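Reading through the structure tokens given below for one structure.
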Amino acid sequence: MSKQTFTTTFAGNPLVVEVGQVAKQANGATVVRYGESTVLTAAVMSKKMATGDFFPLQVNYEEKMYAAGKFPGGFMKREGRPSTDATLTARLIDRPIRPMFAEGFRNEVQVTNTVLSYDENASAPMAAMFGSSLALSISDIPFNGPIAGVQVGYIDGEFIINPDKEQMEASLLELTVAGSKEAINMVESGAKELSEDIMLEALLKGHQAIQELIAFQEQIVAVVGKEKAEVELLQVDADLQADIVAKYNAQLQKAVQVEEKKAREAATEAVKEMVKAEYEERYAEDENLATIMRDVAEILEQMEHAEVRRLITEDKIRPDGRKIDEIRPLDAVVDFLPKVHGSGLFTRGQTQALSILTLAPMGETQIIDGLAPEYKKRFLHHYNFPQYSVGETGRYGAAGRREIGHGALGERALEQVLPSLEEFPYAIRLVAEVLESNGSSSQASICAGTLALMAGGVPIKAPVAGIAMGLISDGTNYTVLTDIQGLEDHFGDMDFKVAGTREGITALQMDIKIAGITPQILEEALAQAKKARFEILDVIEATIAEPRPELAPTAPKIDTIKIDVDKIKVVIGKGGETIDKIIAETGVKIDIDDEGNVSIYSSDQAAINRTKEIIAGLVREAKVGEVYHAKVVRIEKFGAFVNLFDKTDALVHISEIAWTRTTNVSDVLEVGEDVDVKVIKIDEKGRVDASMKALIPRPPKPEKKEEKHD
């Protein structure tokens, strides 16, 4: 295929798509130019079905530092593992694409997005999402798209599609919404306590804007799209399925209805193992035993899936016996740990999260150096999910994509209520340790984080709580579930997480397994989530109603002073010599910003006070008319140099020592002598003149003797 170019304009930026020039060995490839951001997307598919029991889709988003005209950091000067932002963007693209493949599709699919040039006012992630959908759509990969995504901002009551950097900084909303022509299938958002009505309108505005991008993709597919490949879908043997269902469906149904998680898992596993043992023995000599046993496992999964959904939609019974809109039992505890700066333990049923607060000087902020201009990140929320939380063994290592994503969601939810830097000049880190999990652990971490912040004395604007909503839909009828547990998440159609305060929503995240959901479902889910959020806030506020007035004794205390900008170099000294000396003497930590704000951190108030004295002395300036108790440091023929304070000396001219004539300075003064002086002049170069005699009453002039005349 020769190069073909397609052009349109979207949200104020040119959108140019090039096909047929690069990456021609991939199943599908595009170059998307949005503004001055350029993203190459290549999609490939394996020739055979993978052996696993899931769809092996991998989406990558690669940030090449040359795209922003930067050298990579580190010794190797080469891009390493993906940044957190790159990982989150890859997840953002994966989530709306994944539901658009057929049930039973098991071929491995890999979509790679490489940012080749970067324009901070034209979203590279949105260009990558567009390119991912288009590369799949024009390829022979059986993708049931297209999909597209946009960012939505909210400024002065107006919604803005794909806001630029300046607009996003002023926006009360940072929403990414994606979907197909028919419906929304992915949401990711942070918001400054916006109402459910505004959030719903933002979602609908975003979906409306998506239509233009989907229509553009359809035009391109009509010109360059390939015929879709015929691939084998995972299908079980119908006779085998009928046999297993007839024999064991009643037993599995009974096991699924056991209310307690571990007991239910044991009951269902016992039925499954019994079935597997029977069929493994029956077909032991069959050469297709592996395929048969794969089908047996899949059939049992489908039976459990069907029973969970039937219970909810027909009997209105949930696996643990709750009502459709009922929250599991709640418990909130503060001060779970000694010594730390704050801690909160939040439990919802069999999901439990422990959040630990750490406060630090602003010098501990994380420096983010990606494609965007370097910036400092003051608030960090980290989420850890050990395997013991679900009673299993597993790998331990660096945080995976899921943990990074859940941490980022909690970060968005909580950062909306943090005090400003001026109100609270600390770097803030929260770590959520999931101790038990049966669904909605990310929302438990938000609730635990609120407890830890308030227990630690961080003056947040309001407590935040989170809840996860679910959905069971057969295409015609649907049921929205409040506070989904693990089984409902696994076999359900939606995981819609909503976090916020009593005033409004601070974060949203939605993933679905079906093609999309309607505005009616969104509205109902948001309304149920609000009711649940208020119930959780009642429990949190009953434990701790407001942030404590003081920090924990172990937290670093802080004091700030303001110095002139031109005095910053005086405090720092050559090569940091002066500030290092102060830190060594007092044991404090010191941060100085470009505006002359000096923050001093220590758990010892006396050390803070001593540091303030030292810095005040360093930046102190002599003033005309002020009196100083000085020390003579040098004597010259023309006068004496005295030290007023720290590194500020003044000259007392010989004529300013006394009202009477001074012949030799050394006859009157000696080095080391303490004297009181008054500053009488400071010249344009900062040189100070002082006087001793100005502090001494001027003696009266001698009276003239009258001449006697004979």
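Note that Cβ sites are derived from N, Cα and C of the backbone, with glycine treated the same way.
Because the structure is a prediction, the values reported are computed rather than measured.
Swiss-Prot has this to say about the protein:
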{"type": "BINDING", "residues": "Asp489, Asp495", "note": "Mg(2+) binding site"}
{"type": "COMPBIAS", "residues": "700-710", "note": "compositional bias 'Basic and acidic residues'"}
{"type": "DOMAIN", "residues": "556-615", "note": "domain 'KH'"}
{"type": "DOMAIN", "residues": "625-693", "note": "domain 'S1 motif'"}
{"type": "REGION", "residues": "691-710", "note": "region 'Disordered'"}
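Just so you know, of the binding-site residues Asp489, Asp495, the Cβ with the fewest other Cβ atoms around it within 10 Å is the one at Asp489. Residue counts of the domain 'KH' (556-615) by helix, strand and coil are 32 helix, 16 strand, 12 coil (DSSP-based). Taken residue by residue, the domain 'S1 motif' (625-693) breaks down under DSSP into 8 helix, 36 strand, 25 coil.
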